[in-house]
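Novice: Okay, here's the structure, questions in a sec.
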Amino acid sequence: MLDAARCLIRGSINIDEFFHVNNTVRPGETISSSHLEKRAGGKGANQAVAVARAGGQVDLVGAIGRDGIWVKSQLENAGVDVSGVLVAEESTGRAVIQLTSKGENSIILFKGANFSSIPQRSMHARTTHILLQNEIPFSDTIAQIAAANDPSLAKPLSTIFNPSPMPSQTQLLQFPWDKLTWLIVNEGEASDLVDILVPSPASRVVPNEDYASLSAYPLILRLAERIPTTNIVCTLGAAGVLALLSSFEGNPVYLPAAHLEGTVRDTTGAGDCFTGYLIAGLIKMEQDEIPLTKDKLTDVLRRCIQAAGMCVEKRGAMESIPAGSDVDIRLLA
């Protein structure tokens, strides 16, 4: 067994403002909100908390304003190493979220301190994975991927990218896909990537499997032909998840969504919860020197799906991420 492996997340930290509404606003429409809540959020922060609650060790690098000191404290209390979180002159980033009674949401982002200049931070000696999203400057994302593949490292870090919100076409065409280990997307993001990166249909034959009827499957095949050395995980919401690894030669892992014990109350944090649990699973495999096989990936994804399912049963993003022990109990039920 190796020394404790850990993940570095260079990502966003926000204050989430939830406006509870009957329906999301249409162009030209003015609606009333029944109440307003302010909570800690940001994809970087949410995913860091998910890694920690899933049992992984995680360092978060980012920036907040003085109005967000309480967010930093909340992250630390959740088990996240926040020594890399700086206090900038700008105000903390914001997410303005319209949340309906059905759990649907629409989100407007304000970058705030997330786009502050942050010095490149030295990697922790035990850092094995680096997780990135797209709520920080794109140039910082590229710099982090370069650092993760620095020739001076004993071995390259496992790099994971969750392109949310979606980068521009120019940025996607410039992205160093050959340096990326894992790509985590939802079906809409997969479709956007295919439209930009893959001009022609996939040449692989779709096998007669349960997943073959899923609209995401041909998208994943087309992406895999464009970025053949990258492992792709595509979340499908209520339909589950598809994962295609570079070593599996077109035969993906498919799992349906978890059975819920309650109703869907809020889907805001489900994707970040899933991603954090996936990273924690990869960290544990690295630490225990377990090879990545189809069966092992299935076990990791099953835990991710269960965690995301429990997440949507509660309101909020960060607050709704379940503890790993609770997820494991639900899996045994």
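The backbone N, Cα and C atoms fix where each Cβ goes, and this holds for glycine too.
So TrEMBL says this about it:
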type: DOMAIN; residues: 11-322; note: domain 'Carbohydrate kinase PfkB'
type: BINDING; residues: Asn14, Ile15, Asp16, Gly42, Lys43, Gly44, Ala45, Asn46, Glu135, Asp272; note: substrate binding site
type: BINDING; residues: Asn186, Thr235, Leu236, Gly237, Ala238, Ala239, Gly240, Gly271, Asp272; note: ATP binding site
type: BINDING; residues: Asp266, Thr268, Cys311, Lys314, Gly316, Ser320; note: K(+) binding site
type: ACT_SITE; residues: Asp272; note: active site, proton acceptor
Novice: Which residues in the same chain, at least 6 apart in sequence, have a Cβ under 8 Å from the Cβ of Cys311 (K(+) binding site)?
Specialist: Gly269, Ala270, Cys273, Ser320, Ile321, Pro322
Novice: List, in sequence order, the same-chain residues at least six positions removed whose CB sits under 8 Å from that of Asn186 (ATP binding site)?
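Specialist: Asn186 (ATP binding site) has long-range Cβ partners Ser164, Cys234, Thr235, Leu236, Gly237, Gly271.
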Novice: Around Thr268 (K(+) binding site), how many other CB atoms lie within 10 A of its CB?
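Specialist: So the number of other Cβ atoms within 10 Å of Thr268 (K(+) binding site) is 27.
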Novice: What does the structure give for the C-alpha distance between Asp266 (K(+) binding site) and Asp272 (ATP binding site)? Integer Å is fine.
Specialist: 13
Novice: For the binding-site residues listed here, Asn14, Ser320, which shows the highest count of neighbouring CB atoms within 10 A?
Specialist: Asn14
Novice: Please report the three-state DSSP label of Gly240 (ATP binding site).
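Specialist: Coil, per DSSP.
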Novice: Going by Cα-Cα distance, pick out whichever of the binding-site residues Asn14, Lys43, Ala45 is nearest to Gly240 (ATP binding site).
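Specialist: Going through Asn14, Lys43, Ala45 one by one, the Cα closest to that of Gly240 (ATP binding site) is Lys43.
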Novice: In sequence order, what residues of the same chain, 6+ apart, have a Cβ less than 8 Å from the Cβ of Glu135 (substrate binding site)?
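Specialist: Non-local contacts for Glu135 (substrate binding site): Gly11, Ser12, Asn14, Gly42, Lys43, Gly44, Gly93, Leu109, Lys111, Asn114, Ser164, Pro165.
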Novice: Do you know the mean pLDDT across the domain 'Carbohydrate kinase PfkB' (11-322)?
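Specialist: Average per-residue pLDDT within the domain 'Carbohydrate kinase PfkB' (11-322): 91.
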Novice: Across all the protein chains here, work out how many other Cβ atoms are within 10 Å of the Cβ of Ala238 (ATP binding site).
Specialist: 11
Novice: Tell me which of the binding-site residues Asp16, Ala238, Asp272 ends up closest to Gly316 (K(+) binding site) in space, Cα to Cα.
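Specialist: Closest by Cα distance to Gly316 (K(+) binding site) among the binding-site residues Asp16, Ala238, Asp272: Asp16.
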Novice: Out of Ala45, Leu236, which has the highest number of nearby Cβ atoms, where nearby means within 10 Å of its Cβ, if these are the binding-site residues?
Specialist: Ala45
